[in-house]
C-alpha cells in the first residue's frame, strides 16, 4: 500500500500551524527534489521553482537533490539551461542514483557545490532515441540525435575537465561509477559523509 506524500507541520506567522506536503516544505528552504524520471512535467515544475527562488533571493543557493534514472534529453536540457541562467548558485546532490540525464544535471551544479552521498551510483551514457517513418524523416532524426550526443559530450567535457575523446569513449555504453569514482572523474566535487551542522 503506497504511503503517499508525507505531510509535515509548518508554523505560520502568528504562531498557528498547518500541514503541508513535505516537498512544499523543502521548497521553503530552497530545496528542490528530483526523485523520478525527467519529463516535461517535472522539468517545468523544477524550472518554475528555480526562477521563483532566484527572484526571491539571488544571493542564496538553490539545492537540487537528485535520485533519478534520467529521462527526456530536451526536458533535461531545459533544466540545465535554467541552472546556468539563474543568478543563484545551484548546488546539486545525488541521493541514490543519478543516471543518464540525472547525472548530467548533477554535474551541471555550481562548481565546488556538486556532491553525492557515499553509496550513490552515478551513470553516464549517450542519449537514447528511435525513429520511424519515411527514410528521409529517419535521416533527419539520426542527424538530430548525433548533434545532441555531440553537444552533451562537449558540455560534460567542459564540466568535468575530461578530454572530449575520453567522454566520447566512456559514454559509448552505460558507464557506472561510485560516488568516489565520480569525484575523481570530475562529475562531482565532494562525497558527503555527514551533514554539516
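Placed from the backbone N, Cα and C atoms, the Cβ positions cover glycine too.
Swiss-Prot lists 100 with the feature active site, nucleophile, giving sequence analysis as the kind of evidence. Per Swiss-Prot, active site is recorded for 125.
Cβ contacts within 10 Å of the residue listed as 'active site, nucleophile', excluding its own Cβ and spanning all protein chains shown: 26.
Taking only the Cα positions, the spacing between the residue listed as 'active site' and residue 100 (active site, nucleophile) is 6 angstrom. Following the DSSP three-state reduction, the secondary structure of residue 100 (active site, nucleophile) is coil.
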